[in-house]
Amino acid sequence: MDLVGEPRIFSESSSEMSGSSVLCFVLLSVTALRGHARFLEVQENEMSPEGLLSLLSSELKRELPEEFVYRRALRCLDMVAVEGQFTFTAERPQLNCGVFFIGEPSDIISIQYDSVNIDCRGGDFIKVFDGWVMKGEKFPSNQDHHLPLYERYSDYCETGAARPIVRSSQNVAMLFFRLHQSGSSFTVTFRKLMNPFPCNVVSQTPEGSFTMVIPQQHRNCSFSIIYPVEIQIGELSLGQHNDLKRSILGCAGSGDFVELLGGNGMDTSKMFPMADLCYSFNGPVQMKVGCDNTVVRMVSSGKFINRVSFQYRLLGHQELQQMKGNSVEDVCLRA
């Protein structure tokens, strides 16, 4: 049954975490077009958390020889993390479908249309979105993406063969489609391309490490971990910016800083600030964030080469129970 409302995010987990209770149920966002409207109307379909976790886990575990091309059929609701060729064939009208693509932090996503057999005039569509749509919010947020919102959608029915390959700006992308007739189909090839300076990233796993570098660019970059985690920052370098005279303005007034955010959505402008860091240091600074989503976000003025290195690990059930009395955790639970 289709439910009208805000879309929710796919959650992911390794096979070891298949029984984790810290992940809330998740809903896949899907979209529909009406008339000649340029923007999408969002609906949602339900899927069990176990089903979503198994989808991502099965994709991440595939190891194939390089000389073979991985091929499989797409589901109406799907997650794709392994390169290959994917085909969807409608056995009945499919009006609200979507596929989440994800790569490693240093990847960008390439989606190539190999063949398309749909009726654009009859209301069918295939759209690629540069990022993810989650809980009615978008990642990267509008303030952190270099393109205006309308340019982040690529509609096959508008571009056709003129744009057979669509590339994302970060390691995640989405494909929305609506097919009215049985037998309608399309085939796409998913590839991962190297990104020398990853900016906005969604982590595939609840544990790991990452170094974010912004080379004298005026931009904001976020690293999103869709789990409650402990963050440990080992190094923060903000170029030559250590002007103590500006401290009265706070980190936001410095122009170059890192903030830790927590929340149950993905739009960084709607998340709760946990800590601001605007002075270079070496040595561990750590914080536990008990929210569904934890973000390390760097704001850069473009005057310096900014760098932050951090590690993160999943919080255990006992740790989360101990945090329930914490005011920050209460805010996250109410959000």
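Placed from the backbone N, Cα and C atoms, the Cβ positions cover glycine too.
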According to TrEMBL, the disulfide-paired cysteine of CYS278 among CYS251, CYS332: CYS251
Local Cβ density at CYS199 (disulfide bond) - other Cβ atoms counted within 10 Å: 23
Lowest local Cβ density among CYS157, CYS278, which the record lists as disulfide-bonded residues, within 10 Å: CYS157
Spatial neighbours, same chain, of CYS221 (disulfide bond) - Cβ under 8 Å, 6+ residues apart: ASP144, PRO198, CYS199, ASN200, MET212, ILE214, ARG297, MET298, SER300
Which of CYS76, CYS120, CYS251, CYS291, CYS332, all disulfide-bonded residues, has a Cβ with the fewest other Cβ atoms inside 10 Å: CYS120
